[in-house]
Amino acid sequence: MEGVLQTRGLLSLPSKPKIKAFYPLPQGGLRNRFNSLSSLKPNPLNGVSLSSNGFQKVQGFDTKPQLFGQKKRCFPICKAEAAAAAGAADGQPLFVEKEQPKFMGIELVTLKKIIPLGAMFFCILFNYTILRDTKDVLVVTAKGSSAEIIPFLKTWVNLPMAIGFMLLYTKLANVLSKEALFYTVILPFIAFFGAFGFVLYPLSNYFHPTAFADKLLNTLGPRFLGPIAILRIWSFCLFYVMAELWGSVVVSVLFWGFANQITTVDEAKRFYPLFGLGANVALIFSGRTVKYFSSLRSSLGPGVDGWAISLKGMMSIVVMMGGAICFFYWWVNRNVALPTRSKKKKVKPNMTTMESLKFLVSSKYIRDLATLVVAYGISINLVEVTWKSKLKAQFPSPNEYSSFMGDFSTATGIATFTMMLLSQWIFDKYGWGAAAKITPTVLLLTGVGFFSLLLFGAPLAPTLAKFGMTPLLAAVYVGAMQNIFSKSAKYSLFDPCKEMAYIPLDEDTKVKGKAAIDVVCNPLGKSGGALIQQFMILTFGSLASSTPYLGGVLLVIVLAWLGAAKSLDGQFTQLRQEEDLEKEMERASLKIPVVSQNENGNGPLSSESSLNPAGGDSTNASSEPSSPRSL
């Protein structure tokens, strides 16, 4: 019996109990049953007592009637009040939780997280695709502007705005709850895009300083066309910056921060890659939406500002999707419980902005994450800006440019959807480290193909003419394929890898680290690529002349990216192991014995002599001490 009571500190039952005879209870209950059976007499267990809730319980033995000449044996009737009380005191259930209901092999509790998160991601990326395609058309095709404005915007406008937002976000994170912080950040975006479509763009001719910009251009010369264009079309540039911030703030900080808050690492491994399935369906549909509005502009009669009509329609969709995002966020906060984390986390301190930056810079883990983000931004920018310059030359009109971008977004969605289907298999078979290295490898290989075509396009002109293409058109298509494959790898593997890396961190590093990396490092990567290109142009005279050197820079950046991914893989694995060990230790510390050996303790029975009192009938003692009896 002692062996039974000591098993893992819990009251154990046999895995395959033998069926014993049961007798119907009299109307008076179990106590009257014993009183009514005169042939059965209690056999006291001297020297042994069980404690429940601090009170002594007198224990007795009751034997079955002799059936078919069975050997008489005594078994205790054990009560588990002590176990229940001990379990309740620690908040731990005495018995195993019953299995959660499932649908298609997935727990319903998990589905309550995954479906709304997938819908949120769908709406966020639907908006991002529309905003991304629209911002380039606005600033590149505006009167008095050109593609030269983009590097200046990324370096001298977008980066300072991103840094300013990060500083503000860090301060707000110290004083607002997570839910209030989410609404405080996303609602100004929704309001601005609605106001731009219905107020700012229709009235832009009244507050754009066109005459003043013309005077500056005549005075300073065409070399300053880009900076002057920022002043000339400042409201369009503000739209450009807000669209860029939507990608870094709403996608990276708000959505992924919320997803990391309510999911576990195991759920993230299984479902993070699948979040992109709904998101890339959004890419396909949003690409078709941009394509539709491009055709609408071309079908309107002369004298009608078709672009203004298109903007009103697209910004209305953006506002409606923003409302849906807020609804899904509200619903999840009201209906989904947060997962239990290891309690051994750092206490969140109140840090100043400079202290936060110093803390983040001192962390090797955060530095490696920042390297991944900056390297991606520089690498994709080195190829993408060069590709957009060729795209502008091939499709100079806004209608053609926007129509091609709609097709590009649709193709990106299809390619990414396919990669999403493979991503979970990649995570399961090869792990986090291999998945993190796929994106830089893809970008390197496709980038080499694109730059090679730019360098050796002239000798290939006769061959390309047989297929009805010029070297310029071929470069546009190859560059489009490079961007499609790189972005699909980013959405399906790079983003989930990056977000999974935040999960083992403590809450303070997670919140402030995401703000610093996603809001500052992402624009820093793009601005860094733009600065490299500006330096190359000033040094070698043109973008075409600097193409071989840009390819060399791309190689160095990607190699640094791969090194940071390898370093982060080791740190991530170590943190996961430490967190799992902490959880195991916490669970082990909560397990306590059930039956007390004295009136004050909860320890197991100390000796077998208490089960065999002196002077008692040893034959009546339990002959099967390790097999509990069904009563």
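Glycine residues also receive a Cβ, built from the backbone N, Cα and C atoms like all the rest.
Swiss-Prot lists 595-631 with the feature compositional bias 'Polar residues'. Summarising the annotation, Swiss-Prot assigns region 'Disordered' to 586-631. According to Swiss-Prot, the feature transmembrane segment maps to 106-126, 149-169, 180-200, 238-258, 271-290, 313-333, 369-389, 407-427, 442-462, 465-485, 543-563, an assignment based on sequence analysis.
If you look at the transmembrane segment (149-169), the same-chain residues 6 or more away from its ends with a CB under 8 A from one of its CBs are 136, 139-140, 181, 185, 225-227, 229-230, 237, 240-241, 244-245, 248-249, 253, 353, 381, 385, 388, 515-516, 519-520, 522-524, 526-527, 529-531, 533-534. Sequence-distant contacts of the transmembrane segment (465-485), counting only residues of its own chain at least 6 positions beyond either end whose CB sits under 8 Å from a CB of the stretch, comprise 380, 383-384, 386-387, 390-391, 393-394, 408, 411-412, 415, 442-443, 446-447, 449-450, 453-454, 457-458. Contact between the transmembrane segment (313-333) and the transmembrane segment (442-462) is not supported: fewer than 3 Cβ pairs lie under 8 Å, counting only residues 6 or more apart in sequence. Outside the transmembrane segment (238-258), and at least 6 residues removed from its termini, the chain residues within Cβ reach (under 8 Å) are 117, 120-121, 124-125, 127-128, 131-132, 134-135, 138-139, 153-154, 157-158, 161-162, 165, 169, 178, 182, 185-186, 189, 192-193, 196, 200, 325, 329, 332, 495, 499, 502, 510-511, 514-515, 518-519, 522-523, 526.
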